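Features reported for this protein in TrEMBL:
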type     : residues : note
TRANSMEM : 7-28     : transmembrane segment
DOMAIN   : 24-285   : domain 'NADH:quinone oxidoreductase/Mrp antiporter transmembrane'
TRANSMEM : 60-80    : transmembrane segment
TRANSMEM : 92-114   : transmembrane segment
TRANSMEM : 120-141  : transmembrane segment
TRANSMEM : 148-166  : transmembrane segment
TRANSMEM : 196-218  : transmembrane segment
TRANSMEM : 238-260  : transmembrane segment
TRANSMEM : 272-297  : transmembrane segment
DOMAIN   : 286-338  : domain 'NADH dehydrogenase subunit 2 C-terminal'
TRANSMEM : 318-340  : transmembrane segment
Amino acid sequence: MFNNSSKILFITIMIIGTLITVTSNSWLGAWMGLEINLLSFIPLLSDNNNLMSTEASLKYFLTQALASTVLLFSSILLMLKNNLNNEINESFTSMIIMSALLLKSGAAPFHFWFPNMMEGLTWMNALMLMTWQKIAPLMLISYLNIKYLLLISVILSVIIGAIGGLNQTSLRKLMAFSSINHLGWMLSSLMFSESIWLIYFFFYSFLSFVLTFMFNIFKLFHLNQLFSWFVNSKILKFTLFMNFLSLGGLPPFLGFLPKWLVIQQLTLCNQYFLLTLMMMSTLITLFFYLRICYSAFMMNYFENNWIMKMNMISNNTNMYLIMTFFSIFGLFMISLFYFMF
């Protein structure tokens, strides 16, 4: 009981910290909100039964503390410039702030802590790190107008997110590199349209939630578990792999919709080189998702006979199947709604 009540407390403080950052009108207020968010997220990470989670929380603390220090330092520099008329180049301080925020969000080239840390987390913590913890840094990045640094980060994020996931067998690391790739797309949409970024973030959070929810129910952490697990329930197996494809952004599924919006926005802004790079990297991510799904979708797929029968159907799996329905047919439903009205 105590464990759950403390979790509720820390989650509430974490949400408040993010809201302080998003609503603050000064860099110092934003920094304070980020610190509250960080200090409430660390107790959620540490688990007494797992040494890996303690290591992950320490890694998270060190990287975020470094980013917070740099952010505080640069916001003090900005205050000096504005109040004392010091000769400080504003674009230089903005660049320092931007790099600190990119480190906080886990975007390339400051991504090195992210996959290693994900490896030590439970699925629900990993989901929070991939979705909620991105809101505050990305909102702050949207206030800065340094296109060239953001452009470098976008290109590196989409390439590293694609190539890094190629030889992974751990599902958590796979999701981490997928998150870095999606972060590249989010940053690119942030450069030209804030509303498209919010739409993209919402859809990405939903698809990540559907997959991590499933992984959490069946305690799946590695690729080889996927193939030997769903022998009895073909529906669950197919829906799981279709969610993978949806997260990758394959056209008939819901995951393609936010990518479609970003592609449209980038073509309107004549960013063809960036768009080509991003689409090529997405093809690589789709390749490793398809490689996972390919054997399961085959008719002559070999299965083990000696797996114990499991009671698959529960309230959780029913909820998962409802969410999967939206994940698979969401694009059709939105298109129909759009053309009807």
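A Cβ is built for glycine as well, from the same backbone N, Cα and C atoms used for every other residue.
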Residues from the same chain, set at least six apart from the ends of the transmembrane segment (92-114), whose C-beta lies under 8 A from its own:
27, 34, 59-60, 63-64, 66-68, 70-71, 73-75, 77-78, 81, 133-134, 136-138, 140-141, 144-146, 149-150, 152-153, 156-157, 159-161, 176, 179-180, 183-184, 187
Counting CB pairs under 8 Å, which listed stretch among 7-28, 60-80, 148-166, 196-218, 272-297 touches the transmembrane segment (318-340) the most?
196-218
For the transmembrane segment (196-218) and the transmembrane segment (272-297), check the count of CB pairs under 8 Å (sequence separation 6 or more) and say whether it reaches 3 or more.
no
Can you check how the pLDDT averages out over the domain 'NADH dehydrogenase subunit 2 C-terminal' (286-338)?
77
